[in-house]
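K.L.:
Here's the feature list from Swiss-Prot:
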- 1-19: signal peptide (SIGNAL)
- 32-95: disulfide bond (DISULFID)
- 52: N-linked glycosylation site (CARBOHYD)
- 73-247: domain 'FAD-binding PCMH-type' (DOMAIN)
- 214: N-linked glycosylation site (CARBOHYD)
- 257: N-linked glycosylation site (CARBOHYD)
- 292: N-linked glycosylation site (CARBOHYD)
- 321: N-linked glycosylation site (CARBOHYD)
- 341: N-linked glycosylation site (CARBOHYD)
- 415: N-linked glycosylation site (CARBOHYD)
- 439: N-linked glycosylation site (CARBOHYD)
- 444: N-linked glycosylation site (CARBOHYD)
């Protein structure tokens with residue numbers, strides 16, 4: 001069914017593309033690419049333009065995850081460069097800059113607001129998905145991973161080398177390493193080990209002048225900025241060198257559901273009191289979602305409690321019985337498995353699914369909207385009930401992720417990297433809704449806005465914090481071709497808190513003319529930033 005829908009999607013896009021408004025002349029840019037690229041690595045086959053409708057369209061759609069922003073007919077899109085070598089990246093930067101063309105950098109295509117493949121000014125997409133090499137050194141417990149590799153590919157590569165090493169990153173196997181790591185990616189190991197950026201020890205980046213830099217040549221300030229501040233404001237991330245972490249051979253996982261009729265609200269309230277205080281080895285996510293009720297046509301809220309424990313069932317049961325008996329966990333709810341198999345469990349794949357599924361790069365275009373929040377104090381039961389009531393207004397898939405903090409997240413200083421959301425948070429919230437009918441877009445965005453407003457009294461304030469990797473244009477943005485510092489401070493302080501000033505300082509030194517920009521990039525205008533106590 002998905003394949004049929006995707007085929008129809010391509011046909012409709014091709015029809016629109018053939019009738020599109022003529023795009024600006026990209027000839028000078030293309031000629032520059034051919035001149036700048038290394039003769040040993042010809043770039044011609046890496047360039048896709050509208051002149052070849054089929055290949056251009058396939059390249060565009062394959063890594064465009066949010067249909068809400070999919071627009072290959074955009075007259076400003078001059079070309080897609082699918083880099084196969086570092087020289088292709090360098091040539092794209094040099095030629096785009098010299099021709100006054102904006103670059104949008106796309107690794108996995110998971111940018112929630114489409115900023116890696118959409119612009120209202122002339123631009124090119126620099127697609128990194130073919131730069132996906134991964135090397136694992138078990139003896140040093142380190143790995144190099146290129147920006148275009150997916151988390152699934154990284155996890156499989158680590159598992160092939162060792163069953164007692166892992167990397168603390170996200171649960172979505174198709175996310176690209178370039179953007180995920182640079183924004184402070186997290187997963188179910190974060191209470192034990194922190195976020196992705198806490199384990200980056202080197203990086204390769206192409207700067208605004210087309211130079212290839214590493215940690216030594218870029219300097220510690222820029223290296224600090226790209227770990228949590230997002231790489232796309234500072235250059236093009238080519239690869240990361242990461243520390244791997246030691247894990248046991250056996251993990252325990254479970255999934256337990258509680259509907260409202262089963263006392264779900266009371267259980268979630270208690271979860272808020274204990275989830276951030278569990279031993280670091282335990283990550284227990286609460287996932288409220290809309291489900292069908294027991295009666296025909298009835299809908300209710302079910303809270304799915306997903307857990308991962310670095311250890312055996314016996315120890316986990318002891319912790320749960322002592323600290324969270326309200327959940328009613330039974331031994332038969334638990335499954336023991338390897339770290340790699342936990343990634344399949346979190347992907348909701350059945351037991352026995354081959355690990356090769358993590359290597360897939362499926363294209364399932366859907367409409368979706370996501371937002372984020374940070375919670376400092378337990379949400380009262382009446383607040384939870386207001387949230388449930390608003391969720392039930394959706395007529396499509398909607399869920400929240402309550403991701404517990406505590407553990408290592410409390411022990412890493414907020415300025416150790418550019419990712420600032422550390423001690424003081426009980427949990428992070430992700431709001432998510434998805435749909436297939438384009439006619440439902442306006443209604444779903446409206447309800448999502450209402451849900452966000454309903455939650456406002458119960459989350460962080462001054463500022464209302466947000467997670468950069470859950471990009472949300474609603475919290476502030478600039479036009480594609482401009483970066484006003486006052487507007488940038490609105491979204492920048494929500495994403496980066498007290499680290500914003502240093503990020504803008506780094507930007508002023510590394511990209512003073514603001515070549516690398518998008519609607520939510522970091523501006524280089526340090527002189528106009530107020531003091532920290534004024535932000």
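Placement of Cβ uses the backbone N, Cα and C atoms for every residue, glycine included.
What you see is a predicted model, and the numbers here were worked out from it, not measured in a lab.
I would like each feature placed in context: is it buried or exposed, what are its neighbours, and how far apart are things?
P.N.:
The Cβ of residue 95 (disulfide bond) lies under 8 Å from the Cβ of 29, 32, 33, 36, 101, each on the same chain and at least six residues away in sequence.
Cβ neighbours of residue 52 (N-linked glycosylation site) (same chain, under 8 Å, six or more residues apart in sequence): none.
Over the domain 'FAD-binding PCMH-type' (73-247) the predicted model carries a mean pLDDT of 97.
When secondary structure is read from DSSP and collapsed to three states, residue 214 (N-linked glycosylation site) falls in the coil class. Within its own chain, residue 214 (N-linked glycosylation site) has 202, 203, 204, 205 as residues 6 or more apart in sequence whose C-beta sits under 8 angstroms from its own.
Sequence-distant neighbours of residue 257 (N-linked glycosylation site) (same chain, 6+ residues apart, CB-CB distance under 8 A): 302, 303, 304, 305.
Summarising the environment of residue 292 (N-linked glycosylation site), the number of other Cβ atoms within 10 Å of its Cβ, over all protein chains shown, is 11.
In the three-state DSSP reading, residue 321 (N-linked glycosylation site) counts as helix.
Long-range Cβ neighbours of residue 341 (N-linked glycosylation site) (same chain, at least 6 residues apart, Cβ-Cβ under 8 Å): 251, 355. DSSP gives residue 341 (N-linked glycosylation site) a helix state.
Counting only same-chain residues at least 6 apart in sequence, those with a Cβ under 8 Å from the Cβ of residue 415 (N-linked glycosylation site) are 498, 499, 502.
All protein chains shown were included, and the count of other CB atoms within 10 Å of the CB of residue 439 (N-linked glycosylation site) stands at 7. In three-state terms derived from DSSP, residue 439 (N-linked glycosylation site) belongs to a helical segment.
Residue environment of residue 444 (N-linked glycosylation site) contains 23 other Cβ atoms, counted within 10 Å of its Cβ in all protein chains.
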K.L.:
In whole Å, how far is residue 444 (N-linked glycosylation site) from residue 321 (N-linked glycosylation site) when you measure between their Cα atoms?
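P.N.:
Between the Cα atoms of residue 321 (N-linked glycosylation site) and residue 444 (N-linked glycosylation site), the distance comes to 40 Å.
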K.L.:
Determine, from DSSP, whether residue 444 (N-linked glycosylation site) sits in helix, strand or coil.
P.N.:
helix
K.L.:
Expressed to the nearest Å, what is the distance separating residue 292 (N-linked glycosylation site) and residue 439 (N-linked glycosylation site) at their Cα atoms?
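P.N.:
Each residue's Cα considered, residue 292 (N-linked glycosylation site) and residue 439 (N-linked glycosylation site) end up 23 Å apart.
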K.L.:
Check the DSSP secondary structure of residue 95 (disulfide bond), expressed as helix, strand or coil.
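P.N.:
Where residue 95 (disulfide bond) sits, the three-state DSSP reduction gives helix.
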K.L.:
Near residue 321 (N-linked glycosylation site), how many other Cβ atoms are within 10 Å of its Cβ?
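P.N.:
Residue 321 (N-linked glycosylation site): 12 neighbouring Cβ atoms within 10 Å.
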